[in-house]
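Read through the structure below, which is laid out as C-alpha cells, and then see the notes.
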Amino acid sequence: MPGTPATSSPGNGHEELDSNRPENVSLKKRTIALEEKVHRVEIALQETQSRLCGVEESLHKALHTMFPRVEALLAGLEGRQPSPQFADPLCPSAPLAEMQAGEKDFPDAEDEEDDALPFEDEIGEEDVANEENNESDLEVHSDCNTSDEESHEEVATLPTAKTRLSALWQWLTGGPWTLGFTPSAEVDEGEESEQEQLAALTLHEAAAVGDVRTLKQLLASGVDPSSRDHNGNCPLHLSALQGNLATTATLLQASAQVGACGYLLQTPLHCAAREGHLQIVEALLAAGAPVNSQDSSGETALTLAVANGHEDIADLLLEYGASCDIANLEGKTPLLLAVSGGHSSMVEMLLLDGASFNSTDLEGQSPLLLAVLSGKKDIVRQLLEAGACQFKKYKRNDEEQTLLQIAVSAEHPEVVKLLIEYGACHDNYKSLMDARQKPLVIAARNGNLELVKLLLHCRIAEITTPSLLRKYQVFSSLKDLLYALYHQLGKVPLYLVYRVLGISCPDSIGRFNALHFAAAMGHARIVELLLEVDPALWKERKPILVAAAKSGQDEVVKCLLRHRMRWNEECVTAALCVAKNAATVWALADARPEVLLSSSGGDALFWALRDRRMEALRTLLDIGVSPNVCGENGKNTLHEAASEGDLNLISMLIERGGDTNCRDVNGKTSLHYAAMSGDISCIARLIECGADLASVTDNLETVLHTAAHYGQRQALEMFVGWDLNVDAVDCNGWPPLFHAVDNGHVSCVRTLIDLGTNVNVQDKRGQTALHCATRHSDGLCLSILLERVADVNQKDHKGNTPLHIAAKNGDSSTALVLLQCGADANIADSNGKAPLHLAVKSGHVNCTSLLLQRGADPSCEDESGCTPLMVALECNHREIVELLCSAGAW
C-alpha cells in the first residue's frame, strides 16, 4: 500500500527500518496521513450502516449488507435499473461504490472528520497488514470496474452520479478519482479548467505566494484552513513567513489556528517576528496569538525579534505582554541578545519593561559582562544605571576576574572609566612582588599607556610598598630594584614611577645597584628577573634623582645634577613631578630647561597641584609653566582648583594668566566646576575676573543646570541673581528643575520653584518634572510639585501620565498621592491602555486594588479590545483575576 512502511521479519532479507532516518520519517508521516483517511472512511461506513439498518454490527458485516441498498438508492436517484454486479456482496467493486455514494448521500459523515483518531507514533503490524489488504481490494476493484465494459458505459452516462462520486473520492483521498471513468461531455470546459487549477495549486502554495483569489476559492470549497504540509506547517505559517498580509488576513477570517505549532514547534508569530513583518505580527497578536510560546530551541517571538534587530516588533510584543525574562535553551534572555547585538535602544526598552539585568546564560555571562567585553559604553552605562551588579567575579581564562580587570584586559578605556565612576571595586596594589592580575598590572603588561594613566589619575592604583620596605629595609637603594621591576611591566616609562618611588633617599644612595642587592640577599627569583633586562639600562637611567627630588633633598639633587650631566628628559620630568622644594624645581629646570616648555611642564604642574605641593607649584608658575596647559580630558589647573573650591589657588592661577573661560573636552568652564563645588566665594571671584555666565557645555547645560544637578542651592540663588534663565533647557529638553528632581535635591527643587520656574514644562519626550519624580518614587519632590499646581494628568508623547508610570512600577504609595491630588484613574495612553492595564500586566496586586478602589473601570478596553481581566488571564495572575472578578470585570 503506498505510504505504508515495509515490515521486516526474520529471513525476509530486509533490514529493520531506522525510524530516525529522514526517508523513513517522511514515509511514516504519509502512512499516518493515510491511516487518518482510512479511519474517516470507516466512520462514514459506520454512520451509513446505522442510518440504513438501524443496528450496530461490525465493519465486515456492514460491507456485505449495505451494497444493494446503496445501489438501489443511486439507481432510483438516476432513473435506471440497479446493476446486477452490485447485488453480489463479494464483488470487489461494491465496497468502493457504496463508500463513495454512502459518504456523499449522508453528509453527517463529514462532521465526523474532527473525531479522527490522534496520530500514533508507532504503527502496529496488524494495522499495516489491514492497510495492505485494503490496497489490494482497491486494485482488484479498479480492474473489475475497467474490464466490465457494460457497467462502465452505463455509469459513464450518468454525469450527475459521477460528479458526486468523483467529488467524494477526491475529498477522501486528496487526489483525483481513479475509477477509470471519462469526463462527461456535459461538464462545462471553463469549470473543468478552474478545477484543474485548484488541484494544481494547494492551499499552502496559495498562502506562500500571496494568491488571495485562489486561497478564497479553496477555503470556500471546504478545505481546512489549518491543514498541514509534510513539515507540519499550516498555510498561516507560510503566509506569515513570506509577509503576505492579505492572505494572512484571509486565513484569520477563516478561523485558521493562530497558535498552531509547525516545524520545530514554531507558531506563525515566530515566523513573522523573525523575518521582521510588523503588520503580520500585529494582525496575529490582535487575533490572539500566544505571545510567549516557545519553539524547540526555547525561542519566543521576542527573542527572535531582538536577535534580528527588529525593535518595532519587540516593542509591540512587549505591549502585548511578552515576557522579557524567558530564556532560550542556551540560557539567553532577550536582554542578553540585545546586548550581544549592540542594540542600545532595545536594551533601554527591555530594562524599562522590567527585564532582569543580573541573569546569566549557560556560560555564566551576564548582560553587563557582555557589554564590557564588547566595549559598548552606552549599554554599560544603561545597565549600571539600572542597578546591574558590577562587583561579581567571572571565570575568565581559568581564574576569577572582576569586571574592571576584564575591561582593562580587553583594552576599553571608556568602559574602564565608566566602571570607576560607578564605584568598581579595586584592590590597592600593596607590593610589586605580588603579580596577581590587578587592573594596573594588566594595563601595564599590555603596554596600554592610556589605561595606565586613567587608573593612576583616578586614584585607583595608589601604589605603596610597605611589604617590600619591611623585607628590604637593610638597603635604602631598593628604589633601583623597584624601578627595574617597573620596567618589566610594559611600555609605561613615566606614570607608574610617580607612585612607586615613594621612599626617602639616604646619604648612601647609589652605592650598589639592584642586581647587587638581589644577589646579596639571596633572592634567586629577583636575580633571574633582573638578568632578563639589558644591563646597560642601569648605567644611564638610575631613578636615584627621582627619589631624591621626592624626598625633598635638594642638596642631593644639586649634587647629582652637577656630577651626572647626562640625565635624560624622562628622568628629569619624573623628578619634576615629585619635587617638593622650590630649590629642587629650580635645579631641575636649570639642568633641562626644554622640559618645562613641553607637555612635561604641564604634567609637573598638575602633579604639584594634586599633591598640594604649593611651593613647587608657585615655582613652576614663576619659571614660566603656563596654567592653561590642558591635561586629561582637556582640564587645566584652574578647572582643578575650581572643582575643589580653593579660592587662594584660583586667585594665584588667575594672577599667573589662567583663562577663566577655557573649556575642557565636554565644554565645561571653570565656572561650571565652581558650580559643582558650590563655593560662593570661588564663583564670585571667577565672575569678577571675567568668567562667562552664559557659557554652555556641549550638552547645552548652563551653570544653573550644573548647580541643580549637584544640589548646590546657594549657587542656584546666586546665578539667578545674575539674571540667568531659570527655564533654559539642555539637549534633552531638561531645565534645571529636572536635574534637581532627577537627583533628589529637595532644597534645590523648592528654590527653583520659588524663583519662578515652570513646573509643567515638558522635555523632548513630553515628560514633566512630575513624571521624573514619579519614576524615582521621590515622595518629597512629588509633594512639592503637587503643592505648586503641577498638572497631575499631563501626558507624555506616548500618552503616559505620572499615574501610568506609578501603576507600571507598582508604586502604590505614589499612586495614592497622585489619585488624592486628582489623577484620572481611567485616563488612557496612546495605545488605549489605562493605568489599570499596566498594573495588572506587571502583576502588582496592591496597586490594582488601589486603582479599583479609586474608581478605575475594571472592564475598560484598550485599542485592541483587551480588558484588564483578559490581560490578567493571559499573564496568569490568579490573585488579580479574583480581584477583578470581585469588582465586576468581564
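From the backbone N, Cα and C atoms, a Cβ is placed for every residue, glycine too.
Summarising the annotation, TrEMBL assigns compositional bias 'Polar residues' to 1-11. Summarising the annotation, TrEMBL assigns region 'Disordered' to 1-27, 126-151. Annotated compositional bias 'Acidic residues' per TrEMBL: 126-137, in sequence order. The feature repeat 'ANK' is assigned by TrEMBL to 198-230, 231-263, 297-329, 330-362, 363-388, 399-424, 633-665, 666-698, 732-764, 765-797, 831-863, 864-890 (among others).
Sequence-distant contacts of the repeat 'ANK' (297-329) (same chain, at least 6 residues past either end, Cβ-Cβ under 8 Å): 264, 267, 269-270, 272-274, 276, 278, 281-282, 285, 291, 335-338, 341, 343, 345-346, 349-350, 353-356, 359, 361, 831, 841, 864, 871, 874-875. With helix defined as DSSP H, G or I and strand as E or B, the repeat 'ANK' (330-362) counts 16 helix, 0 strand, 17 coil. Confidence over the repeat 'ANK' (399-424), given as mean pLDDT on the 0 to 100 scale, stands at 76.
With helix defined as DSSP H, G or I and strand as E or B, the repeat 'ANK' (864-890) counts 17 helix, 0 strand, 10 coil.
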